[in-house]
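K.L.:
Quick one: the structure is below, questions incoming.
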Amino acid sequence: MEKKSTLTNEEKETFMRAAIEEAKKAQALDEVPIGAVVVWNKKIIGRGYNLRETTQDATTHAEMMAIQEACRQVNNFRLEEAQLFVTLEPCPMCSGAILLSRIEEVYFGAYDPKAGAAGSLMNLLEDQRFNHWCYLESRILQEECGQLLTTFFRELRQRKKEEKAKRKENNKKD
Ligand SMILES: [Zn+2]
């Protein structure tokens, strides 16, 4: 059975922009900038951003946070007819949570060739051997979503380089 998107291109961009705003909140905390929103009836019912460093909890990915909030909002673990937007391709854990919450449509921005489970390394979301599968669409505002990450990692490398140089300088003084 072929699944179809229920959103217009304009709506897809609007909601991905909201996910990007979430990613920026992560960035402000020096977290890898990944953001997600869950949409239901054209309204955002869950938002989340990556908090792995802050919480020191490997499960606090953007999608997990957004799904948890959405489930609390509707007081139901089933998010049937909901859409999830995330700036980066979901990992296996988040893809699992998407399937278990029965989210109907998933939209992501950039591909994650090293950890993505929605097309890169595997495709859990469209695997019809599971009792639920999703409509999946990638590359929504791909450039902006990817750029956030590229900039973040470039600045991180730069900062590490500077710290290393500083340490060397201090060692010389000793
Ligand atoms: Zn994840």
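Counting begins at 1 with the first residue displayed.
Placement of Cβ uses the backbone N, Cα and C atoms for every residue, glycine included.
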K.L.:
The Zn(2+) site in TrEMBL includes Cys91, Cys94. Which of His61, His132 is also listed there?
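P.N.:
That Zn(2+) site, as TrEMBL gives it, pairs Cys91, Cys94 with His61.
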K.L.:
Can you see whether DSSP assigns Cys91 (Zn(2+) binding site) to helix, strand or coil?
P.N.:
coil
K.L.:
According to DSSP, does Glu63 (active site, proton donor) sit in a helix, a strand, or coil?
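P.N.:
Helix, per DSSP.
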K.L.:
Cβ within 8 Å of the Zn(2+) site's Cβ centroid: which residues qualify beyond His61, Cys91, Cys94?
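P.N.:
Near the Zn(2+) site, beyond His61, Cys91, Cys94, sit Ala62, Glu63, Met64, Pro90, Pro92, Met93, Ser95, Ala97.
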K.L.:
Including all protein chains displayed, how many Cβ atoms other than that of Cys94 (Zn(2+) binding site) lie within 10 Å of its Cβ?
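P.N.:
The answer is 28.
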K.L.:
In Å, rounded, how far does the Cα of Cys94 (Zn(2+) binding site) sit from the Cα of Glu63 (active site, proton donor)?
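P.N.:
Here the two Cα atoms lie 6 Å apart.
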